[in-house]
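> Take a look at this one; I'll ask things after.
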Amino acid sequence: MIQIDALPAFSDNYIWLLQDTAKRRCAVVDPGDAAPVEAWLAANPDWVLEDILVTHHHNDHVGGVERLKKLTGARVSGPANERIPCRDLALDEGDEVTAVGVTFQVLAVPGHTLGHIAFFSDQPATPVLFSGDTLFAAGCGRMFEGTPEQMQPALARLASLPERTEVYCAHEYTLSNLRFAKAVEPQNPHVLQRFDDVTRLRADNRITLPSTIGLERLTNPFLRTSATLVKQKADEWKGHSNTTHVAVFAALRSWKDTF
């Protein structure tokens, strides 16, 4: 049994803290800043940080790794095809890594960065996905390094995970993502309801995560490239027909980049 909590960092990052309460051991995902993790460990001195899991190389995800490694000796696991500080275990598609007693499958999800990975496990009572900056709540990451031909299939793969899978992404972008989702599907009742729910949460400065794969299928335009109305909006934006899922995705992403 693990407990998952968010440690806020910077303006909108979340460092995910996985806790094995029985054994007083923990792991963190994407510690862009060491300070929130250090503060938690100081407040919980009988706990041990055993593992640091990294999804990609951007500094807001790895900036705290070196300090935490020095302080705790935690094992650092991250993508094999990217430069990750202090990495002990290089991970690629098909690998597995165990942290706090939970075994995670490593999924290659290129697009945001070329070597980006995600961590999925169906061992907990509810399956969990740590998606980094690939899949966001109601959105997806920008393609800083990859192509639509890489990222759309990566997102479709995540969308095929069990619908009750909890999605732990790395940023609090949900409300702005839903504003875009409303522009794409202004009559989608699931989008409208989620927008209202998230607006209330953010008004109280509350976290909007985790999401679920099921909710993303209903409300995330980047997972809905097969929906007729989504394609129509993408066609309107580009001024021509987008004949493939990749083309629809690329149109949506370019629209979102300027939204």
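The backbone N, Cα and C atoms fix where each Cβ goes, and this holds for glycine too.
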> Looking at Swiss-Prot, which one out of D33, D88, D92, D133 binds Zn(2+) 1 in the same site as H56, H58, H112?
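Within the candidate list, Swiss-Prot flags D133.
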> Around the Zn(2+) 2 site (D60, H61, D133, H171), what further same-chain residues have their C-beta within 8 angstroms of the site's C-beta centre?
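My list of surrounding residues reads N13, D30, G32, H56, H58, G132, A170.
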> Pick the one among the binding-site residues D60, D133 whose Cβ has the fewest other Cβ atoms within 10 Å in this structure.
D60
> Cβ within 8 angstroms of the Cβ centroid of H56, H58, H112, D133: which residues besides those meet this for the Zn(2+) 1 site?
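The answer, listed by sequence position, is T55, H57, H61, T113, H116, G132, T134, G141, F144, A170.
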> Which whole-number value in Å describes the distance between the Cα atoms of D60 (Zn(2+) 2 binding site) and H112 (Zn(2+) 1 binding site)?
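Cα to Cα, D60 (Zn(2+) 2 binding site) and H112 (Zn(2+) 1 binding site) are separated by 14 Å.
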